[in-house]
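Novice: Below is the structure I would like to discuss, written out as structure tokens.
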């Protein structure tokens, strides 16, 4: 779109959306893909994967993983196994992403394989539960580490943590609504910052091991608690730290040369993260026994106090940077899911609109941030992680199963990457085990509530998407018109081949 025509669409340069065009049902259009070439020029796929995965998880989950298996050996084994599973899952998503080059993560793959209902249930669950829950957990973790230095010897007040987490959500939402460039620059900076703290912890651990600090690794499998339930819950917490391995699939349309950059970023980024995670956990155990690690309020801060004193303040500062980077990457990608669901008619149409001034899916990002703020109110991180993981692995398993199904039903689709069929079979079976194990071994009503919420999306789909009552359409059009004028957004223009 030329600069002159853009000014006309903005209301003779005054930044206003033309009311007449809205009311006459001749919507202004723009194309998000015109911003696409900016993405990998400013932010490589590896930075997005590493920057999104390494966030709060490695500083929060070590205690939760250890609490479920109660020994160093099984703990380190689970961290490595989670990395292998994330890599296998990402390889499945690499084939899907290069076969169906649409943004929105699992959404377009479920749509192609199984039709609109499973795709809608995924978007319904993701937009209202899993994605904003993830955003909330990350920002709560940021708030805990950022406020810890100001409350030495005690836990920060919950009101301080929650207010700080809400402020972080607001800032990140504003940044990503204003500019793709600004969000990508911020991601690059925060990724560099988190790699500094990761390097500091790993190098410190290697130095301590070289000095003979190995007593905590003796009899490392002694007194371990191994059961189907404990392993699955330990996997939930470990996989939470790896969550983000599929983030590039949410922005496939904005990747430059996805056929090359998507698989390359996955094959470099996730093994790099796995090595870092195992080495970080080894570093923790060089200075803390299992009991001491379980009693620590903030594992990385305790490590810093014992190893880096008097420069221990570096740890909470850079951990805060790390969690912000993960939150920023999550917001960047999850906003695209809202955008794609709106484009397909599965959410309010205005959520698929693009900012006239900034060329970003601003309504989708704002909606995502608003829901995330609601989830910081309960604020129990461990509980949120367990139920987040339970819900998200239902759809991970279903999406990878979709890859198997399309090998037989959609043979005509081009597959620039074709992985051995045994990989999606393994990932699907593991996903089934992860979903069923806690229900069978330690059933809780919360899991039932989670499943009922997912299935409640069928009612919403029938009423709002399938039947499309006239009175609902009138309300939706009225809301869309007013929100479009308020936010200065327009529909995406059709891309002509």
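Placed from the backbone N, Cα and C atoms, the Cβ positions cover glycine too.
Note: TrEMBL annotation is automatic and uncurated.
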Novice: Pick from 384-405, 472-493: which range does TrEMBL record as transmembrane segment?
Specialist: 384-405
Novice: According to TrEMBL, which listed range is transmembrane segment: 137-158, 159-180, 225-246?
Specialist: 159-180
Novice: Looking at the ranges 1-26, 27-52, which is given as region 'Disordered' in TrEMBL?
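Specialist: When 1-26, 27-52 are checked in TrEMBL, region 'Disordered' belongs to 1-26.
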Novice: Mind pulling out the one from 71-97, 159-180, 264-287, 313-339, 446-467 with the most Cβ pairs under 8 angstroms to the transmembrane segment (417-440)?
Specialist: 71-97
Novice: Where among 159-180, 264-287, 313-339, 384-405 do we find the most Cβ pairs under 8 Å to the transmembrane segment (71-97)?
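Specialist: Ranked by Cβ pairs under 8 Å, first place goes to 264-287.
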Novice: For the transmembrane segment (264-287), I need the partner stretch with the highest count of C-beta pairs below 8 angstroms, choosing only from 159-180, 192-210, 313-339, 359-378, 384-405.
Specialist: 192-210
Novice: At a C-beta cut-off of under 8 Å, are there same-chain residues at least 6 beyond the transmembrane segment (313-339) that contact it? List them, or none.
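Specialist: Residues 32, 48, 51-57, 59, 103-105, 107, 123, 126-127, 131-132, 134-135, 138-139, 141-142, 145-146, 148-149, 168-169, 172-173, 175-176, 183-184, 186-187, 190-191, 193-194, 196-198, 200-201, 244, 247-248, 250-251, 254, 298, 300-301, 303-304, 347, 351-352, 361, 363-365, 367-369.
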Novice: Ranking 159-180, 384-405, 446-467 by Cβ pairs under 8 Å to the transmembrane segment (359-378), which is first?
Specialist: 159-180
